[in-house]
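A.B. asks: According to TrEMBL, the protein has these features:
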{"type": "BINDING", "residues": "His287, His291", "note": "Zn(2+) binding site"}
{"type": "DOMAIN", "residues": "1-185", "note": "domain 'CAAX prenyl protease 1 N-terminal'"}
{"type": "DOMAIN", "residues": "188-306", "note": "domain 'Peptidase M48'"}
{"type": "REGION", "residues": "253-273", "note": "region 'Disordered'"}
{"type": "TRANSMEM", "residues": "80-104", "note": "transmembrane segment"}
{"type": "TRANSMEM", "residues": "131-149", "note": "transmembrane segment"}
{"type": "TRANSMEM", "residues": "155-176", "note": "transmembrane segment"}
Amino acid sequence: QRRVYRTTTHVPQELGQIMDSETFEKSRLYQLDKSTFSFWSGLYSEVEGTMILLCGGIPFLWKLSGQISGRAGFGPEYEIVQSLVFLLLATLFSALTGLPWSLYNTFVIEEKHGFNQQTLGFFFKDAIKKFVVTQCILLPVTSLLLYIIKIGGDYFFIYAWLFTLVVSLVLVTIYADYIAPLFDKFIPLPEGELKQQIETMAKSIDFPLTKVYVVEGSKRSSHSNAYFYGFFKNKRIVLFDTLLEDYSALNKEPAEGEDGENEETKSKTKNKKQGCKNEEVLAVLGHELGHWKLGHTVKNIIISQVSYFKLDFFPGASVI
């Protein structure tokens, strides 16, 4: 793929009528930089993991976790408490070692290609918030999982698998309504031509649409996207504001007296209009709805859960 990025310097004939040379070249160079970053960050991750194993990093961290929990009054018999301390330290270590890569990706690569909208202050506030929210979910779920393993007997893996399945489905269900709003602002898409067209498209394929939201993604990046979520007859569609010319904050002058978060992104606002025409928005959304129509989401959930269960039931399968 990287060779294709390097050698394909002209717009392919199939795209000649819909993409100009400047846009194609920008996309090519961006993907080339992303592939370089992916290679080196992936290589570092493999080396780091190997060194942790060879140098006894995991036993060391487990021992350190025991010492910390012991000082808090929890002896060796409190294995779950020690495990949670271990998990907290491990995720903290991972966050710290991954921070330079995240900073480089955001403030060098994304900035170089005109996508980054974050300031350094916003980046760190966001990173801390993500870490805290992740721990608030991860630690209680892990403690329950460890307790199930502890009392589950010979068939603990079945109970553990069922528990993780339920947790996965619950998180998928509540993420957009309760977790995502902690980081981004969601507003209903106002009545108008675009909303009517979206509803018509959804109805044409029997997609049980209930609500359409616009999420303020422009405070982080000028990338655009759309997605849907929800189970059964309660589906919602989310459009990034950067996808919509009329709603993107990048196309508006910041108002005086706005809160500090908007003040931080004020300097990143670009003069160039961003967004798509209605038919282009529908094309992006049509791609996402195509996944639903073909059952890709359900199929992926089934495949992944069967795979997890197989790895639990046949441990040797993980080697294969």
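Cβ atoms are placed via backbone N, Cα and C, with glycine included.
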A.B. asks: Looking at the binding-site residues His287, His291, which one has the fewest other Cβ atoms within 10 Å of its own Cβ?
C.D. replies: His287
A.B. asks: Which whole-number mean pLDDT does the model give the domain 'Peptidase M48' (188-306)?
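C.D. replies: The answer is 79, the mean pLDDT of the model over that range.
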